[in-house]
Amino acid sequence: MRFFTLILSLFTFITPLLAAEFSPDIPLDITKPSYANPWKRYKDWAKEDWKTFNTLTESTSPAVGGLKKIDKPIEGNADNGKKLVADRSRGGGCYACHVMPGATLPGNVAPDLSTVATWGRTDEHLFNYIDDPRRYNPTTVMPPWGAHQVFTEAEIMDIVSYLKTLKTPSKFADNKENPQTRPVPVEDRDNLDPFENPGMFGTELGTSLFNKVGATGKSCASCHENATKTFQQWAVTMPKYEPRLKKIMGVEEFITRHARATTGEEYLAQSTENLGLAIYLRYLANGQTIQIKAEDANTKAALQRAEQLMKRKIGQLNFSCNDCHDFGANHWIRGQYLSGLTGMIDHFPTYRTSRAEIWDIRKRLQWCGVAIRANELPPDAAVYGDIELYLMQVNNGKVFSVPGIRH
């Protein structure tokens, strides 16, 4: 009887494959997390704990204070200020966003500061704008360097002293150094060539796992015999709302929970096996266009939450998703080009050449948080599901091509 019930449930899964929400008849394990619990940050990532600063779910950053009065001219150590603006260990340094004298591969998200000493700014204004620019502009994309303890007040005075020496426009000997003339990177590698993209080996692993008989004596193929046809469009309609979990669930989390409930296998989030199956199931949808439908109340609610999450300032550097990928889109931050939201997700999971690793979209979201000094959340965090849905919806109509390959 139990066997019959399982097969009936799996058949039910096949028929509403493209529904707006998951059917409650689809077998899922909902008793425990889909990741290795407790979640631990990757060993080769930054080890700091930024618990005193906002995450996507917790509000712990210090409030914006009032203007600090500067009663006399600032006379700090300009030479030390010059070193501080170039210090990449301090949140990337000022060169990350500003053109300044002597900068290597400066960014252009923010104004060119080469002549800031001629702008007529008072010492008090310069000090406060570095200490916490939100005192002047509540939605600024500039970090609150002093208020969030990246620089001390004495160091900010040294930086102000250095800025007061900048009167001559920067000149670049090489067009590639100038962010205004630097060539925009173009990804022209064949991501579906296994000789070009190591991520393609994930399709082989995924195929093998799809046909592997699990602890229950069943494999994925036992119920999905013609995977090429069955999953031709499934991935381009994901993620979706899961009523039992009361949140948006993506492909990777579905693999973990569905496998537990059917084959009895344990494919934890971001494991090699999970990535292999995720690549395989998305690979089957290659050439299809993303088709996120926001017609039901739960999907609409998730997208509304995501719009706010995209604006939410987090971490010691106080950035939001939109700061980099909307306001800062199509600009340089140091030697890295900031993409817009379009084209951001249609190639995940992606092989990252800089890390020699395959990453799913949730790991990329975790990394973004850690990069701006915000504690990441576990892979199946509900807020990540909302953001993933939002990114997919923004990319409606884009053609799937998985696995990707990026820096």
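Note: Cβ is positioned from N, Cα and C throughout, glycine not excepted.
Listed in TrEMBL for this protein:
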type: COMPBIAS; residues: 173-191; note: compositional bias 'Basic and acidic residues'
type: DOMAIN; residues: 76-167; note: domain 'Cytochrome c'
type: DOMAIN; residues: 201-308; note: domain 'Cytochrome c'
type: REGION; residues: 171-191; note: region 'Disordered'
type: SIGNAL; residues: 1-19; note: signal peptide
Per-state residue totals over the region 'Disordered' (171-191) - DSSP helix, strand, coil: 0 helix, 0 strand, 21 coil
Distant-in-sequence neighbours of the region 'Disordered' (171-191), which means Cβ under 8 A and at least six residues beyond its ends: 99, 104-108, 197, 199-200, 330-332, 337, 347, 401, 403-407
Helix, strand and coil totals (DSSP H, G, I; E, B; other) for the domain 'Cytochrome c' (201-308): 58 helix, 7 strand, 43 coil
Counts of helix, strand and coil residues, the domain 'Cytochrome c' (76-167), according to DSSP: 37 helix, 0 strand, 55 coil
